[in-house]
Amino acid sequence: MKLMRKNETREFLIEDIEFPAVGVAFYNDKKVYIKGAVPGQKVLARVSKVRREKIEAKLKEIVTNIPGAAQPKCPDFGVCGGCVHQFLPYEKQLEFKEREVLKLFKDAKIEGFEYLGILGSPEKEEYRNKMEYTFGDFVKGGELTLGMHAKNSGFSIVNTDKCNIVDEDFRIILKTVVEYFRKKDLPIYKVMQHVGYLRNLVVRKAKNTGEILIALVTTSQVDFDLTELTEILKSINYLGELKGILHVINDGLADMVRGDKIVTLFGQDYITERILDLKFKISLFSFFQTNSKGAEKLYSEVLEFLGDVSNKTVFDLYCGTGTIGQLASKKAEKVIGIELIEEAVEAAKENTKLNNISNCSFIAGDVAKVITEIKEKPDTIILDPPRPGVSPNAMKYVIKFNAPEIVYVSCNPKTLVNDLGVLRAYGYEVEKVKIVDMFPGTGHVETVVLLQRKII
């Protein structure tokens, strides 16, 4: 069989799937990875990388679909780079996600635990509480667009005003803003040249309270009066309640949403969400689970895994705005949360006051550094790290604490199994595993693991 070459387009039969939602075909006994493809499909894909150990290809067309496949409800599916599996019935999505995660556990030789299944999202559509949209154009020099990056493209932006993973308030805000700026002839920000004005639109909406926060992100390269746009956005008849409109000045070179300066154009600079009877203040850049209803399910599982922590001290590492820690404080004697992002810690402290919680404290700093300075010892540790997992330095001290139990909440099962391997090498056993889907239509998933220290 001849060698496969880069940019060659050919037909593949998808035989397996690996995290995150990457279909696997075979060529000369070598794996061919095709993002978005699923087992049972026959697809056309263009080869993008040829390596000694693997081949990567980009999905171009589905030649034969799997039984039960449906027409995606989103008109931009396949063009927008956001969702990958909207054509699959939800039960099939869960089946594939479960298969991907359990394969990682099997490959890492992690076994002997109680597997508690996969829990689906309460909402399959309109579940997101935050979106970061980008200004741009779909065709270079074309009409202004506002939305998500196009599939397999670093620069084309798809206008996503019909997106069905957010509710109507998001859609009307996006549509209003893009139509307004189409009449103003203002330059979009060009990342490579570092010139332009319009960068991003951020919308946050608390699903349980209905509170809405809108932020327009621009550079300082144009002096433009936003009073008219502010009044237009205030006049909309929302399903929820508009609480604030912000103007974020971002002159940074990186292609990411951040702020050098934040100006409040209307109202306040935060919204409040309610999760499991507690209130949480969410500012523009606060980390908060993007599926509020799903978060309630996820946190309920975490609390179940914690078990009886009365008379116990719980460390909540990578605590963000302190959501899990504050929920755990209702059961624990004491909770100490540690988080790198100072703004998130300030929000966590405000949330403890909001909820009249007195047994929960938060420290800002690098987890790896702060835990070396804490004199108290935890009875239980909650780990909820970002996608890269627990840093090696932090892991050293997690192990040194010698806590009887660890509850690990992971948004990346690949780094999860790596970290579990380290913890197992130092005397911990994986007791329980539960998968929780927070992101229908996408390849992402959460996993909750209970570890117990072996008595030697």
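Here the Cβ of each residue, glycine as well, is placed from N, Cα and C on the backbone.
Source: prediction; values computed, not measured.
Per Swiss-Prot, S-adenosyl-L-methionine is bound by GLN289, TYR318, GLU339; the candidate from ASP223, ASP225, ASP384 named for the same site is ASP384. Note: the CA-CA distance between GLU339 (S-adenosyl-L-methionine binding site) and CYS411 (active site, nucleophile) rounds to 17 Å.
Recorded residues GLN289 (S-adenosyl-L-methionine binding site) and CYS74 ([4Fe-4S] cluster binding site) have their alpha carbons 23 Å apart, per Cα-Cα distance. Cα of TYR318 (S-adenosyl-L-methionine binding site) to Cα of CYS80 ([4Fe-4S] cluster binding site): a distance of 31 Å. Under DSSP, residues within the domain 'TRAM' (3-61) fall into helix, strand and coil as 0 helix, 37 strand, 22 coil. The Cβ of CYS411 (active site, nucleophile) lies under 8 Å from the Cβ of PRO386, ARG387, HIS444, VAL445, GLU446, each of which sits 6+ residues away along the same chain. Within 8 Å of the centroid of the Cβ atoms of CYS74, CYS80, CYS83, CYS163, where the record puts [4Fe-4S] cluster, the same chain has further Cβ atoms from PRO72, ASP76, PHE77, GLY82, GLN86, MET148, THR160, ASN164, ILE165, GLY441.
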